[in-house]
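Notes to accompany the following structure.
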Amino acid sequence: MPSFDEVLKEAGEFGRFQKRVFFLLCQTGVTFSFLFASVVFLGQTPGNYWCRIPGAAELSERCGWSLEEEQNFTVLPLRLGNGSSSGQCERLDIAWDASASCTSPLARYSNRSVGNLPVAACHDNWVYKQPHSSIVSEYNLVCANAWMLDLSQAILNLGFLAGAFTLGYAADRYGRILIYLLSCLGVGICGIIVAFAPNFTVFLIFRFLQGVFGKGTWMTCYVIVTEIVGSDQRIVGIVIQIFFTLGIMILPGIAYLVPTWQGIQLAISLPNFLFLLYYWFFICNTPALKTWEISETSLRASADPAPYFSPQITISNEEVSNPSFLDLVRTPQMRRNTLILMYAWFTSALIYQGLVMRLGIVGGNLYLDFFISGAVELPAALLILVTIDRIGRRLPFGISNIVAGIACLITAFLPEDIPWLKTTVATLGRLGITMAFEIVYLVNTELYPTTLRNFGVSLCSSLCDLGGIIAPFLLFRLAAIWLELPLIIFSILAVVCGVLVLLLPETKGISLPETVDDVERLSSHFGKCGKKRKHRDTNSYI
């Protein structure tokens, strides 16, 4: 019975149908990157805001004050009395009423010096120059409430985590395309509700759900693309990462042109509805179910292979009706692959996000800096495309992690008076970990059988979400002790990961495994230097 990859080799590994599906699904990488990084622009802290004194709004309206005049009457006395106060998280503990003077509202307190006026912490009633520019000003996520902004990103990552388990399982059980389309619909609907959330609680609930469905779109589209092409063309999975990077580069342009956070949220959510049109392009499903029936019609859709095959070819796979974690660790090779890949996902996400946030601490032009940080990732994808099909997956995977680790360690001990060198080495570390992050997607897909692939990728990539949740706490807590301490931790994690991934089997040029037995035999397919070994008696490849 021919395998699906054998069918593709005869039918065409990257025919018209595959190219069309590939191009369409790559657009998902752009929209997912919008969701992944949107908090940077949705959650910008307003540059100018202050805490309003009770009664100030009414007095300001009666006196016809501008916001600048109200700020001067409110904040200036506080600054004069307490030079360390900005007036953002505390206010004068007084109340203005109708008897207050428009020219000197503090005249009634003239018997006290400015420094003796009572001060109170601000709990609400903030005034923003641009009240709807971000969720920070919309929901007062400042001062004692600033941690809620971190919560909003943690909730999104929690949604990614939940989506990896629930929709990963559903895609294996009910089909990739169905779950992909439902996920696109869910991302769009939840994104609209997030944009018009009446309060922060509703915002969090639907941001979580948007994370669930967002992970479903990204995860299923990646698996579909890698499954519909032959083993020699599976490098196209790396190209999807380029579209993710393009999204990172486009996002600051959207945020620059759209002045409100609601507008940004709609701009990054509505395109998901366009993906529902893909239904009419998906003529045949991907190899996601337990049994595959490839009809003459569907094969013609891929590359007109009718001369090579009978009208119907049935390819049976080992049945896994309810995949679980035990299925991924039951056998030795599957267990080794799963544990190493889980660590690789965790490390890649932790270091990648940590380095991105560390660059953001420098300040400067947020829109330009964000664009440049995305552009740095393009050479990573190009290096992968040049090397991975020539020397394999394992060596670039290991070297990129080790290079990232060494670069982080060197950066930590470079003197501050050589900023160009420190920046250059840090960029090398960002390049290395980006390569590692992109390769782990491809390798993870190639090391699991068809019946467990989506579940396996979902489970392992869930460690990516865990790393994303931990990254900001690790970075900022350790940086408070010593600014470069996070880099040392990153370097240790990366080097260990680089060594571990060298223990994985090489998958270059190998058909996707269809059963657990195929995975267990995968390590014996290669001798030294990653070359296929021939069976002694049959002279055939084993």
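Note: Cβ is positioned from N, Cα and C throughout, glycine not excepted.
All annotation found in TrEMBL is predicted automatically rather than curated by experts.
In TrEMBL this protein carries:
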- 21-42: transmembrane segment (TRANSMEM)
- 110-509: domain 'Major facilitator superfamily (MFS) profile' (DOMAIN)
- 154-171: transmembrane segment (TRANSMEM)
- 178-198: transmembrane segment (TRANSMEM)
- 204-225: transmembrane segment (TRANSMEM)
- 237-258: transmembrane segment (TRANSMEM)
- 264-282: transmembrane segment (TRANSMEM)
- 340-361: transmembrane segment (TRANSMEM)
- 367-388: transmembrane segment (TRANSMEM)
- 395-414: transmembrane segment (TRANSMEM)
- 420-443: transmembrane segment (TRANSMEM)
- 455-475: transmembrane segment (TRANSMEM)
- 481-504: transmembrane segment (TRANSMEM)
Problem - Contact check, the transmembrane segment (420-443) vs the transmembrane segment (21-42), 3+ Cβ pairs under 8 Å, seq sep 6+ - result: no
Handout entry: Contact call for the transmembrane segment (264-282) and the transmembrane segment (21-42): at least 3 Cβ pairs under 8 Å, seq gap 6+
Key = yes
Practice task
Mark yes when the transmembrane segment (340-361) and the transmembrane segment (481-504) have three or more Cβ pairs under 8 Å (sequence separation 6 or more) and no when they do not.
Solution key: yes
Practice task
Take a look at 154-171, 237-258, 367-388 and tell me which one has the most Cβ pairs under 8 Å to the transmembrane segment (21-42).
Solution key: 237-258
Problem - Averaged pLDDT, computed only over the residues in the domain 'Major facilitator superfamily (MFS) profile' (110-509) - result: 79
Fill in the blank from the handout: If you count CB pairs under 8 A between the transmembrane segment (204-225) and each of 237-258, 340-361, 367-388, 395-414, the winner is 237-258
Fill in the blank from the handout: For the transmembrane segment (395-414), out of 154-171, 178-198, 237-258, 340-361, 367-388, most C-beta pairs under 8 A are with 340-361
Fill in the blank from the handout: Within the same chain, the residues 6 or more beyond the ends of the transmembrane segment (340-361) and with Cβ under 8 Å of it are 40, 369, 373, 397, 401, 404, 408, 426, 429-430, 433-434, 436-437, 440, 443-444, 447, 459-468, 470-472, 474-475, 479, 486-487, 490, 493-494, 496-497, 500-501, 503-504
